[in-house]
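Novice: Got a structure for you, written out below as C-alpha cells; questions coming shortly.
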Amino acid sequence: MALKRVYKAAALNEDVGSNPSAPVPPFQSTLSESSSSPNAPPQDHKNGSLRQTKRMKRLLASDPAAAERMDYRRRLGLARRDDDIPTALQLFADVQARDIDIGSEGFNALIALLTTFERLEDADKVLTHMRRKQFSLTEATYVCMMRALALGGRQPEAAEDLLREMLAGGLRPRLRSYSPIIVGYAEQGKLENAFALYDKMLAQDIEPTETELVALLRVCSGEGGGNVEVDNFYRTLADLQDLVLEPGEGAWEAVAGWFEKRRERGDWAVGHDQAAKSGGRGKDRKAALAQTPSPEMSVRRGVVVDEAGVCSGCGTVLESIQLSSEAANELMTKVEELVLADRAREAEWARFKAWLRGPGGGGRAPEFDTVIDGANVGYFQMNYAQAPPHVNYEQISWVVEHFVGMGKKPLLVLHARHVDSRRVPPGYIALVQKWRERQLLLVVPYRNNDDWFWLFATVFKGGRTLLVTNDEMRDHHFQMLSQRTFLRWKERHQVHFSFGGYEKGGGRSVLIQVPAVYSKCIQGPGSGKAAGGREDENWHLPSAGDDKWLCVQVRREGATRAQSDGGMTEKS
C-alpha cells in the first residue's frame, strides 16, 4: 500500500530500518543495570520493580527466549507511555533483525504509538511485518491505522481498503471503525463515498453519533469542494432530530450553513426542489419554478423560547413531544430484562405488573399521575455527621402532601426495608400506616431494586405522568437502557425538588422544577404551530450548553403542509 508521509519532525525522523547511532543494549545488560549509578534514586527493596527484576532473572535462567520477548514488550510499553518514538523504532528494528516474537499485543502497541503521531510509513512497515509473520490484527489496530489514514493522512480510500480487509477477516466492526472514514470523505467533499459508507454502517445496525451526522450535513452544504445536496441533507437532518436530543455548536453551524448556502443560490426551498425535479430543463423548469410559492428565509442564532414555548425569532409555539407507544414499550422491555436477569424475581414482578393493570387486569392499582421516589426524597441532604440511619419520613410526607395539595394523585414508591414495622422508628409507624390506608404506597419487595419499580410504573402509566426524583439515573443499570429513548422520556417526566423554609405547622415548603411545556429537542416542520397559522418550514435546534436556540424560518405563503413537511418529521 502506498502511504503518504504526513508527519515530519527533525527529532522524530528515524526510519524503521536505519541503524541507530546508539545501539539497543543487549538483553542481558538491561537486567544487570542497578541503582548504583550516581544519578539513580535509591531502590526500595519492597517495591514491585525489584520483585519484577528478580522474576526476570529467574525466567532468564529457565527460558531465555521467553524472558527476552517479555523484556522487549516491557520496553515497548515504556516507549509508548513516554511517546518515545526513536526508542520504539530502534526496538522494532532490533526485533526485525533478530526475528523476535513479541506477540500481537506488542506490535499493536507500536502501531498505536506511531499512528498517534501520524508516522504512517513507519506504521505501515509494522503492519506489513505483522502480516508477513501472520500475527493477528485486532479491530483496535485497524482503527488506529484507519483513523490516521482518513483524517491525518487525508486518504479515506486507503482507510476503507483496510476496513474491507478487517471485515473480510471476520472482525466485528464498531462505530469507531466507520466514523473516521466517513468524516474523512466528508472533509474532502466526497459526498457519494461518505453516504455509501454511512449506509453500510447502518446496515450493520451501528447507530451514528453527532460527529458523523454533522460531517454529513456539512458535506451536503458543499464543504470540501462538493456540490450542495438536498435529499441527503434532509435525510441526515431527520437522523439528527431522531438521535441527538440537544445538538452542539457544530450541528448549529452545519444546519444554518446549508440553509444560507441554498438562499445564496435562490432555488433552495423544498417547493423549488420539487419543481426543479419535475419540471425538466430550460423553459419548462423555469415555468415550474415560477408556479412554486416564493419563499423568504431567515436564520437566527441565539433566540430564546419563553415559558409558553413561543420562539422569540419566528413566533412558532414549540410542542411537548411524548414518546410513541412503540418507544415506551421498548423502554419497559429493557427495564424488564434488567429485573428478570435474576429469575427468582419473576413471580414478584408478575404480581407487580398485574397490580399496575388494575381491576380490569386482575390487579388493584390506584389511580395515580405522579410517582415519588421515596428513598431519594427521604435521603435528600441526609449526609451530615449526626444523620439518622433511616430515611427522613417527614421529608417524604411533605412532598406527598405538596402534590396532594396540587390536586395530584401521588404514588409513593418505597423499598420494604423503609416500611417494615420492625425497622421503622416508633414515631413514624402511624405515618406509614396512613400511607397504606390512603392507598398511596407501593412497597418494593426485598431483593429488588426500587428504581425498576418507579421507572416502570411511570412509563407504564404514560401520558404526562410525573416522576419526582433528583436521581439523574446515570448508574450502570440506566446506562443499559436505550439512551436515546430514555433521555427523551426523562426530559418530559422528571420533576426535581428541594425544600424551602419552615411553614406554619412545622413542615417545610417544597420547591419543585417541573418539565417545560415544550420539549427541548430538535423540532422541525409539523412539530410546532407557526405564528398566524402559516404553513412554514421552521426548524428549531436547542443548544447543549445553554437555553439558546437556532431558529430557521422558511416562509412560504400559500404553501401546503405537505410541501413544508415532506414527511420527514413524525410527532410521537
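Cβ atoms are placed via backbone N, Cα and C, with glycine included.
All annotation found in TrEMBL is predicted automatically rather than curated by experts.
Annotations for this protein, taken from TrEMBL, read as follows:
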COMPBIAS  16-38  compositional bias 'Polar residues'
DOMAIN    70-260  domain 'PROP1-like PPR'
DOMAIN    305-547  domain 'PRORP'
REGION    12-53  region 'Disordered'
REGION    270-295  region 'Disordered'
REPEAT    138-173  repeat 'PPR'
REPEAT    174-208  repeat 'PPR'
Novice: Would you mind listing the long-range same-chain contacts of the repeat 'PPR' (174-208), meaning Cβ under 8 Å and 6+ residues beyond its ends?
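Specialist: Apart from its flanks, the repeat 'PPR' (174-208) reaches 139, 142-143, 146-147, 149-151, 154-157, 159-160, 163, 166, 215-216, 218-220, 222-227, 229, 232, 239, 243, 484.
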Novice: So if I exclude everything within five residues of the ends of the repeat 'PPR' (138-173), which remaining residues of that chain have a CB under 8 angstroms from its CBs? That is, six or more out.
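Specialist: Sequence-distant neighbours of the repeat 'PPR' (138-173): 1, 3-4, 6-7, 104, 107-108, 111-112, 115-116, 118, 120, 123-124, 127, 180-181, 183-185, 187-188, 190, 193, 197, 201, 204, 206.
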Novice: When the repeat 'PPR' (174-208) is classified with DSSP, how many of its residues are helical, how many are strand and how many are coil?
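Specialist: Computed counts for the repeat 'PPR' (174-208) are 26 helix, 0 strand, 9 coil.
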Novice: Would you list the DSSP helix, strand and coil counts for the residues of the repeat 'PPR' (138-173)?
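Specialist: Summed by class, the stretch gives 27 helix, 0 strand, 9 coil.
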Novice: Take the repeat 'PPR' (174-208) and average the pLDDT across it for me.
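Specialist: Average per-residue pLDDT within the repeat 'PPR' (174-208): 96.
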